[in-house]
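Here TrEMBL flags B:His92, B:Asp94, B:Glu113, B:His130 as Fe cation binding site. Per TrEMBL, Zn(2+) binding site is recorded for B:Cys98, B:Cys101, B:Cys138, B:Cys141.
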Protein chains: 2
Amino acid sequence: MNRQTLEKFYRLKLKKPLKSSAKRSLVVEYFMNRDRHFSVEELYNEIRKMNFKISYSTVYRTLNLLTKLGLARECIFKDGMLRFEPVHGPKHHDHLVCERCGKIIEFEEPKIEKLQEEVARRHKFLVDWHRMELYGLCAECRKKEKL
Amino acid sequence: MNRQTLEKFYRLKLKKPLKSSAKRSLVVEYFMNRDRHFSVEELYNEIRKMNFKISYSTVYRTLNLLTKLGLARECIFKDGMLRFEPVHGPKHHDHLVCERCGKIIEFEEPKIEKLQEEVARRHKFLVDWHRMELYGLCAECRKKEKL
DNA sequence: TAAAAAATGAAAATGATTTTCAAAATCAAA
DNA sequence: TTTGATTTTGAAAATCATTTTCATTTTTTA
Ligand SMILES: [Mn+2]
Ligand SMILES: [Mn+2]
Ligand SMILES: [Zn+2]
Ligand SMILES: [Zn+2]
């Protein structure tokens, strides 16, 4: 997420006009500095730890805004908890999720995406978006497993 | 799901022994007769409509049992609501989900599964299970779209 | 038949997220 | 500026699907 996100954020038009606000900017800034999946609680705690006063309501509201604006993406893995990740560009990626340590690895595999399109065509289905997650053990956890 | 499921169900050993019970059997039977994804509420209402008295607790408990026994699988799509589907065999499948009408189409694509394994190998990751869902418009909804 | 174990259902608890609403902050004229 | 309209905020309440509790009933075992 680049430096101009905050300005970009306020330039973007929604149904309703946005007033600039310190609290919201705070959330956007901390969001900007994340580069991986995080839970709302994590972000909330991080901001709190810095002695900024903020409410969960505002954190949720701002993250939902960022999502509508296309700057954030919701990720809901097996545990069912809402997470967000910054959207860095038009490139799509999918996830490997370690069921032991929770680590999340991102990957891209164009060959799979091609085949997905083929499956869709076969069913005369028009794909808007997809999600694919592979759950299992990461390299580190496999090593520990063997000891 | 075949006829012997109910017996199979009671034969399976869990941590705790199961007593046979009419209410639970009821849920298992209605579950058996489903062959697609359903919400807990749907199953509950179906049983209720037949004038059987049953509680949500028992429906939830039984479905969780069936899941532990490997006879049911949890499916959580974009809407975040818990659904179950009967497990018919060892064959795995993935889903196309229509965002307009909610229809769910199942598909298998061994070529994708192979590539998933390759991705995993590349990351020294051991895959236990995965989920893949393609969201978009089904054939029917596309037609209506065009009119 | 009696005692032990498990199942049931109503109601309460849970817990993450959203909503409400009154007060505070921001903005846009005048 | 001042004013008045609009938006934002946060605490508390509402939501809502799912789980848990617990007193009672049912099933199994002895
Ligand atoms: Mn990611
Ligand atoms: Mn299915
Ligand atoms: Zn791991
Ligand atoms: Zn459709």
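The backbone N, Cα and C atoms fix where each Cβ goes, glycine too.
Positions of the features from TrEMBL, shown on the structure.
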| residue | record | CB count, 10 Å |
| --- | --- | --- |
| B:His92 | Fe cation binding site | 14 |
| B:Asp94 | Fe cation binding site | 20 |
| B:Cys98 | Zn(2+) binding site | 21 |
| B:Cys101 | Zn(2+) binding site | 12 |
| B:Glu113 | Fe cation binding site | 17 |
| B:His130 | Fe cation binding site | 21 |
| B:Cys138 | Zn(2+) binding site | 22 |
| B:Cys141 | Zn(2+) binding site | 17 |
Report task. Could you state the whole-number distance in Å separating the C-alpha atoms of B:His92 (Fe cation binding site) and B:Cys98 (Zn(2+) binding site)? Result -> 20
Report summary line: Chain A neighbours, taken from binding-site residues B:His92, B:Cys101, B:Glu113, B:Cys138 with C-beta distance under 8 angstroms, are B:Cys138
Requested in this report: Measuring CA to CA, name the entry from the binding-site residues B:Cys101, B:Cys138, B:Cys141 that ends up nearest B:Asp94 (Fe cation binding site).
Outcome: B:Cys138
Query raised in the report: When you average the Cβ positions of B:His92, B:Asp94, B:Glu113, B:His130 for the Fe cation site, which other residues in that chain have a Cβ within 8 Å of that mean position?
Result: B:His93, B:Glu108, B:Ile112, B:Gln116, B:Trp129, B:Arg131, B:Met132
Query raised in the report: Cβ within 8 Å of the Zn(2+) site's Cβ centroid: which residues qualify beyond B:Cys98, B:Cys101, B:Cys138, B:Cys141?
Result: B:Glu99, B:Arg100, B:Gly102, B:Lys103, B:Leu137, B:Ala139, B:Glu140, B:Arg142
Query raised in the report: What is the separation, in Å, between the Cα atoms of B:Glu113 (Fe cation binding site) and B:Cys101 (Zn(2+) binding site)?
Result: 28
Report summary line: Whole-Å Cα distance, B:Cys138 (Zn(2+) binding site) to B:His130 (Fe cation binding site), is 23
Report summary line: Restricting the binding-site residues B:His92, B:Asp94, B:Cys98, B:Cys138 to those with Cβ under 6 angstroms from ligand 3 leaves none
Report summary line: CA pair B:Cys141 (Zn(2+) binding site) / B:His130 (Fe cation binding site), Å rounded to integer, equals 28
Report task. Write down the Cα-Cα distance for B:His130 (Fe cation binding site) and B:Cys98 (Zn(2+) binding site), rounded and given in Å. Result -> 20
Query raised in the report: Quick one: which of the binding-site residues (B:Cys101, B:Glu113, B:His130) have their CB closer than 6 Å to ligand 4?
Result: B:Cys101
Query raised in the report: If you run the three-state DSSP split on B:Glu113 (Fe cation binding site), which class comes out?
Result: helix
